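The N-linked glycosylation site annotation in Swiss-Prot covers Asn37, Asn72, Asn95, Asn137, Asn216, Asn240, Asn276, and the record cites sequence analysis as its basis. Swiss-Prot lists 432-642 with the feature domain 'Protein kinase'. Marked as phosphotyrosine by Swiss-Prot on the basis of similarity to another entry: Tyr505, Tyr606. Residues or ranges marked as active site, proton acceptor by Swiss-Prot on the basis of sequence analysis: Asp559. According to Swiss-Prot, the feature phosphothreonine maps to Thr593, Thr598.
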Amino acid sequence: MKKTKTYQVFCIAALSVLTLQLINGSSAATPPPPNSNSSTSCNRACGGVSIPFPFGIGKDCYLNGWYEVICNTSTSGSSGTTVPFLSRINSEVVNISLPDGKKLYGVVHIKGPVTSLGCSSSSSSSQVSEMSLPNLNVTGRGSPYFLTDENCLVMVGCGTKALMKDIESEILGCESSCEDSKSSEEVTNSKCDGYKCCQARIPLERPQVIGINIENTSATRGKEGCSVAFLTNKRYAPMNVTEPEQFHAGGYAVVELGWYFDTSDSRYRNPLGCRNMTRYSSYSSFDKCSCEYDYFSGMSYRICYCNYGYTGNPYLRHGCIDIDECEGHHNCGEGTCVNMPGTHSCEPKITKPEKASVLQGVLISLGVLLFVLGILGLYKFIKKRTRIIRNKNFFKRNGGLLLKQQLITKNGNVDMSRIFSSKELKKATDNFSMNRVLGQGGQGTVYKGMLAEGRIVAVKRSKVVGEGKMEEFINEVVLLSQINHRNIVKLLGCCLETEVPVLVYEYIPNGDLFKRLHEKSESNDYTMTWEVRLRIAIEIAGALSYMHSAASIPIYHRDIKTTNILLDEKYRAKVSDFGTSRSITIAQTHLTTLVAGTFGYMDPEYFLSSQYTDKSDVYSFGVVLVELITGEKPLSRKRIGN
């Protein structure tokens, strides 16, 4: 008896030291939760047992010392086998599970000790009690563990009783006896109800277990033999009477410990993103996890779990992931399973009549689409055909047939460099914008344009002309197509597809000679020296000489004046505007036409005879020479009195 009291004092002292350590360990601040992808370097399994956070193996892989797991090499199993141990309580781990919606605390199953009496040769005749070491003291201050109500005290043996004790007194116990009157079959099939086996439930209000004591109640200890007692989960408790030697040989019993993780610290709880819940409140299927208050052993705490439809670890950021209910067995039957966040839905299966309706709808939609596309195609075809017919009519009206006739008459000597489309010229001149106008004359308006290849051109859009004046336009085209002289503006091409005919010339950047002689402005900064005036006169004379003598057919300009003399970038003279020009054959000395030209530059004999000759162009050139020398206009009100 004295030995028993001494042992109890030793247990109390050991428990006091352990309690002080727990108090110190519990004062540390709760660290922030790790990310679900941040602990990939941590080993999360040992000996086939999954080790989820807050448990962990190795530094920085567990929450605190209570959750540290040590992966040791087994001494009893095969070579190289590892087994997990909870460091603080020095117990081998069987499995660990996280809280869920059904059970608000986590569960860890450990291997607990088996207390025996009379099961070895050394103690087979002993009459004293035997007590297990206090290694089930898992519920001290700061400990997250507690014995769940799924455990019970089991004793197997004859003439003995088992007592479970805590730091204060005995908590509970049970007693078994053996009767020789029962047959062997009755013993094997009997339940653990007092005959050779007894068990007792553990009250949750007294959870601090120090050890299990076995005492002999029989006067003949040697006859009763081996007895064992242990704590175990009810699932592992013996359903039928089993020989105590089997439990003694096994050396352990599976004990269920509940564990909680106090997340009342908002610094830890908020990053989890879990919804705060109260008991029996509802949550959305989009809420992956929930946290709620619970109460145990005089202390309230908050615990988290993955909601229904999600799985994973609620103590990790983004640790709860959606369960795809459609992958495995589902309750949709013949319907189609559609996975959704936290749940799933069953869509009705499309039957054959419904398929026919869908196919019919698709065909109708396709038919309508093809009909609309056909209408659009027909509209584009008609529009294109109309444009082609309109362009042909414009070509015919603008003298296209007359131009072809002229080409045949000239034996193919006309070399048209390019035929422009109306679309191309509209783009080049911004649809003949007024901002692009370079000048206007008796024959039309000239626009500045830029072709697609970047070349700057002058686009002359003729005024609306009747069929009687169409010959003048074609005449200008034919004449300029024959001319190839550096002092005559070159025709680049024409367009007859527009409402009015269009000619495209090379662009002459410095305007006409009239402005240089008579208009004083900041832009006219070029000095018209005598050398320049002489050079311009020579260049004009050369151009007239070419037209009168060197061209394949002699050409009379009939409107030589300073406004028709353009200046290029080097201020070289370029004769332009051939709208009133005429070509003559060798047998024809003159043409009788309407009066053409500009007053002040016209030959007086032309008024009397109406016969225009090369001398008429020379007379107009003489007026230009006087204009170059004197700087005076041919007609001036200042000279009327003189």
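Quick reminder: no glycine exception, Cβ is built from N, Cα and C everywhere.
Of all the recorded positions in the record (Asn216, Asp559, Thr598), the one with the smallest CA separation from Asn72 (N-linked glycosylation site) is Asn216.
All protein chains included, Asn72 (N-linked glycosylation site) registers 14 other Cβ atoms within 10 Å of its own Cβ. Within its own chain, Tyr505 (phosphotyrosine) has Val457, Ala458, Val459, Lys460, Val489, Lys490, Leu491, Leu492, Ser576 as residues 6 or more apart in sequence whose C-beta sits under 8 angstroms from its own. Other Cβ atoms within 10 Å of the Cβ of the residue listed as 'active site, proton acceptor' number 23 in total over all chains. Cα-Cα distance from the residue listed as 'active site, proton acceptor' to Thr598 (phosphothreonine): 6 Å (rounded to the nearest whole number). Regional average pLDDT for the domain 'Protein kinase' (432-642) in the model is 80.
A C-beta separation below 8 Å, combined with a sequence spacing of at least six in one chain, links Asn276 (N-linked glycosylation site) to Ser290, Cys291, Glu292. Secondary structure at Asn216 (N-linked glycosylation site), as computed by DSSP, is strand.
Annotation note: Thr598 (phosphothreonine) sits in a coil segment as assigned by DSSP. Among the recorded positions listed here, namely Asn95, Asn216, Tyr606, Tyr606 has its C-alpha nearest to that of Thr598 (phosphothreonine). For the recorded positions shown (Asn95, Asn216, Thr598), fewest C-beta neighbours within 10 angstroms: Asn95. Counting Cβ atoms from all protein chains shown, Tyr606 (phosphotyrosine) has 19 others lying within 10 Å of its own Cβ. Asn95 (N-linked glycosylation site) and Tyr606 (phosphotyrosine) are 125 Å apart (CA-CA, integer value). Secondary structure from DSSP puts the residue listed as 'active site, proton acceptor' in coil.
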